């Protein structure tokens, strides 16, 4: 009976996937950042410096939501005893914010356990020196012991990156809310001030901004990597404020208007895609990361100006369809890192270095939003196709691994189980196949690492009130 049940209950299958990913992380890489599921050892990305435990912190809320109580308890104990920020390490401000600060905040709001609040605020304080620049636009990289920051050496003219400094807002507003210290919210509101003073080319936001001069770097615009979550956080800041943050709202809808005019195109085969803009020229390429935008457009449909609600939902549906095609047109039914619309090619990766899949969540994320907002059964169908492909090609003895070429019939595994697979991919699958009253949108907003943060209702000086 039990076995029969799992065939008919996709949410249960995603829970089993989480169990496989977590148990193997615990067996082979416990306390380290990530797991190498083929070599069966730990993996450490330089994004986290020598802070440890990325997978544990990223997975806390998923364990809680899936009611994996024993596992949650072990993870919490590890955080209490071993999560240490007093390290001499250069970290990515963006990655540490969305995974560690976001993960701790979420775990606190879901479980009420004080240790998570304490650690989140402690880490938030360690990130503050990143904002010590002439404009207050933060550095990308920060040594959390010395407080010295710098930008990525490859970024245009020493610039900070839009998606990085634009993806601190939700977490920092909550840090102020939970600590009573207004400085966190002030830092992120100042970023908006700087952006609002600047001229936007064609109403678009370039991906590069120099934190010393306060001027744009190269005029590259992308809704994928380097740009993506900046737009997401404008919309979600408004939603998280219980729709009182009018500035965030206006910035979002104005940006979407410019994106529609300048970046959204239709292929000859009828697929809607979002191109990238380089100094006025379009590159007809869309990244896997850009696929989150389907869910974003649909989520923002309700607040869209003059009756454009239907149009935004439709746009979301079209992006979801294009991204599903990028999966469907591969041998493995998993999407490539980037795909193109040129030279007669549609939704296919043409370059070897764009054919990989690293367990990314964005397409499944869009299916989840589209399902919740339209209840069209095809989104659950598409999600199930992704489950089958993940099980067939990415599941290995020691966990789940990314794939080097999704067009090949034989798996070449990259041997990394990314922390975002547990935090995002598996959580979005579970939510896609669960009832809408699990983390309902009117009470929760997901950060860009899928960590749910409560809407801050205006009537409530009392933060417990919006616990579900």
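Using N, Cα and C of the backbone, Cβ positions are placed for all residues, glycine too.
The following features are taken from TrEMBL:
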{"type": "ACT_SITE", "residues": "95", "note": "active site, proton donor"}
{"type": "ACT_SITE", "residues": "228", "note": "active site"}
{"type": "ACT_SITE", "residues": "337", "note": "active site, proton donor"}
{"type": "ACT_SITE", "residues": "362", "note": "active site"}
{"type": "BINDING", "residues": "448", "note": "Ca(2+) binding site"}
{"type": "DISULFID", "residues": "291-323", "note": "disulfide bond"}
Rounded distance in angstrom between the Cα atoms of residue 362 (active site) and residue 291 (disulfide bond): 5
Neighbouring C-beta atoms (10 Å sphere around the C-beta of residue 291 (disulfide bond)): 30
Candidate nearest residue 337 (active site, proton donor) in space, where candidates are the recorded positions 95, 323, 448 and distance is Cα-Cα: 323
Surrounding CB atoms that lie within 10 Å of the CB of residue 362 (active site), all protein chains: 24
Densest Cβ neighbourhood among 95, 228, 337 (active-site residues), 10 Å radius: 228
Rounded to the nearest Å - Cα separation of residue 323 (disulfide bond) and residue 228 (active site): 15
Between residue 228 (active site) and residue 95 (active site, proton donor), the C-alpha gap once rounded to whole angstrom: 14
Cα-to-Cα gap, residue 291 (disulfide bond) vs residue 448 (Ca(2+) binding site), nearest whole Å: 13
Nearest-integer angstrom distance between the alpha carbons (Cα) of the residue listed as 'Ca(2+) binding site' and residue 95 (active site, proton donor): 10
Cβ neighbours of the residue listed as 'Ca(2+) binding site' where a neighbour is any other Cβ within 10 Å: 26
